[in-house]
Each structure stands twice: as C-alpha cells, then as structure tokens.
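Engineer: Take this structure, written in structure tokens, and hold onto it; I'll ask about it next.
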Amino acid sequence: MKVTVNTLQQMAAEGQKIAMLTCYDASFASLLDEAGVDILLIGDSLGMVMQGEESTLPVSMPEMEYHTRCVARGAKRALVLADMPFGSYQENPAQAFANAARLMQAGAHMVKIEGGAFMAETVRFLVERGVPVCAHIGLTPQFVNAFGGYKVQGRSESDAERILADARALTDAGASLVLMECVPAVLAKAVTEAVAVPTIGIGGGLDVSGQVLVLYDVLGVYPGKKARFVKNFMAEAHSIQGAVNAYVAAVKGKTFPAPEHCF
Ligand SMILES: Nc1nc(=O)c2c([nH]1)NC[C@@H]1CN(c3ccc(C(=O)N[C@@H](CCC(=O)O)C(=O)O)cc3)CN21
Ligand SMILES: CC(C)C(=O)C(=O)O
Ligand SMILES: [Mg+2]
C-alpha cells in the first residue's frame, strides 16, 4: 500500500511514528522503500552532501527535478517529497505553482517550502491547485545568511510564540505536514499539540509525529561538522541496509532521538 497524506494522518492519530530520510537517487530510494521508510525527501541538502556547496542556496530547479525523477523511479511504497529550492517560490504564489508543478511532474507527491506565516498565501494557492505542501519552520537553512549560521530557533519566549503562530497559519492555509528543524523539544511538542496535521522533527525531541535525518549523516559519510541531532547508524551496523533498518526501528520504537540529540 502506498503512503499517502491520509496514511500519515492515520499513523499520527494512532501514535505510530513516521520515519523519513533524505534520498537523492533511485538505488537508495529502492533500498529505503524496502526498509520501510515512509517518506523519501529529495532535500535541497543535496547541494551540500552531493555537490559540496557550503549551503543549500545554489541548488537549482533542474537539479531538483533530476533528483526527484531518480528517486520517484526507485520508490514503490514511500511518499515522495521534494524540496522547492531557494528562489523557486518566494516571489509569489504563481511562481511557486509553476515550479511546484515541475516537481510534481518529475514524480513528487508533495513539495516542501521554508518560511513562516508570510508563506501561508502561497501554501493555500498550491493546495487549492492539487499540490500538497509540507511547511518547514524553525531553522530554515535557506535563511542561513539571515540567521547568521545554523542556529537553534525558538529559544526565547517571543520566538517560540512566533513559531507556534507560524505553524497555525501554515496549517490553516492547508499544509499537510509541518517539519520543524532545530527547535527546543518543548516547542516541538507544543506545535504538535496545536496543529491537526502530522509533525516531523529534526532535533525536536520525541513528542512529534515522526523524524527526519539526512541519509549521508545516518550512514556517516558526510565530512562536514555534525549537528547535535545527527546519529551515525552505520557505526553499529554491518551493512547500509542494516543501518537504515536500525534507523527505522529506532524511530518507530521511540529510541531515537535520545536526549543527547535534542535541544
Ligand atoms: N549533512 C547535512 N545534514 C543536515 O542535517 C543538513 C545539511 N547537511 N544541509 C542542510 C541543512 C543544514 N543543517 C544544519 C547544519 C548544522 C547545524 C548545527 O550545527 N547546529 C548546531 C546548533 C547550535 C546552537 O544553536 O545551539 C548544533 O550544534 O547542532 C544544524 C543544521 C541541516 N541540514
Ligand atoms: C534536513 C531536511 C529537513 C531538509 O530540508 C533537507 O534535507 O534539505
Ligand atoms: Mg531542505
């Protein structure tokens, strides 16, 4: 059975954790799909892990379409989620739809956009036209130059309130999923309780509907600085399949993330 927006909603309602990983090619898509990964994210992190760039900003639409096509061919059960790259959706809803349509035509089932309440109008525009949207809030890497680095977001009372309001505005506009990156676990829990859709955390603790990590971090092959939320599942595994199985089992069994992975 294919994973759809409804499957995710049902899993969240039943307290079954959603396992998500980034994926950039067909062979890994097939492997992750077989291992029971529920969502394959063609993340714009591919700019850093595949292309060696210093941020996600240089990633282009043709590159995202290419990797989405590769992943979609290898996925049977998993939901295919594609990041909209920097500059492909911020101008206005029409620009966002034109580019989202290209990713859907490449095989995505949902697109992800970064930003808070100011993106709600765009979310509504996409959703009304048949494009399910995942809202990415908290540490949004496309804002790295504005944030002055990859820093935890929502630590102060006022920032936490703003992020909670962002989650409400984006889900009111029709977002099917909320992804929170690098926010304190207490805030991730509050957002999860406040919205009616599943939530995915990265560094956000256990009280969310599911977890995501970058595949190359799970396999321990990314040479850059490791964020607190990263766990190398290859360290105790004998194969790539074993590491991915261990990640899925740890997410489903609520043993990942441990306190040392959270903010
Ligand atoms: N390999 C890889 N993994 C990722 O998770 C990832 C990428 N690349 N590229 C795109 C973004 C960048 N991300 C990052 C990168 C670094 C931190 C980081 O080092 N954060 C500090 C927070 C320090 C603080 O404010 O307290 C940390 O210690 O985790 C977080 C997210 C997440 N994404
Ligand atoms: C880290 C995840 C959430 C992401 O957006 C990406 O891989 O690009
Ligand atoms: Mg991304």
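These residue numbers are counts, starting from 1, taken along the chain as shown.
Note: Cβ is positioned from N, Cα and C throughout, glycine not excepted.
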Engineer: Hey, TrEMBL has 3-methyl-2-oxobutanoate bound by Asp44, Ser45, Asp83. Any idea which of Lys17, Lys76, Lys112 it lists too?
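Structural biologist: Answer, per TrEMBL (3-methyl-2-oxobutanoate site with Asp44, Ser45, Asp83), from Lys17, Lys76, Lys112: Lys112.
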Engineer: Could you check which of the recorded positions Asp83, Glu114, Glu181 is the closest Cα neighbour of Ser45 (3-methyl-2-oxobutanoate binding site)?
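Structural biologist: Of the recorded positions Asp83, Glu114, Glu181, Asp83 has its Cα closest to that of Ser45 (3-methyl-2-oxobutanoate binding site).
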Engineer: Could you state the whole-number distance in Å separating the C-alpha atoms of Glu181 (active site, proton acceptor) and Asp83 (Mg(2+) binding site)?
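Structural biologist: One finds 14 Å between the Cα atoms of these residues.
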Engineer: So which of Asp44, Ser45, Asp83, Lys112, Glu114, listed as binding-site residues, have a Cβ under 6 Å from an atom of ligand 1?
Structural biologist: Ser45
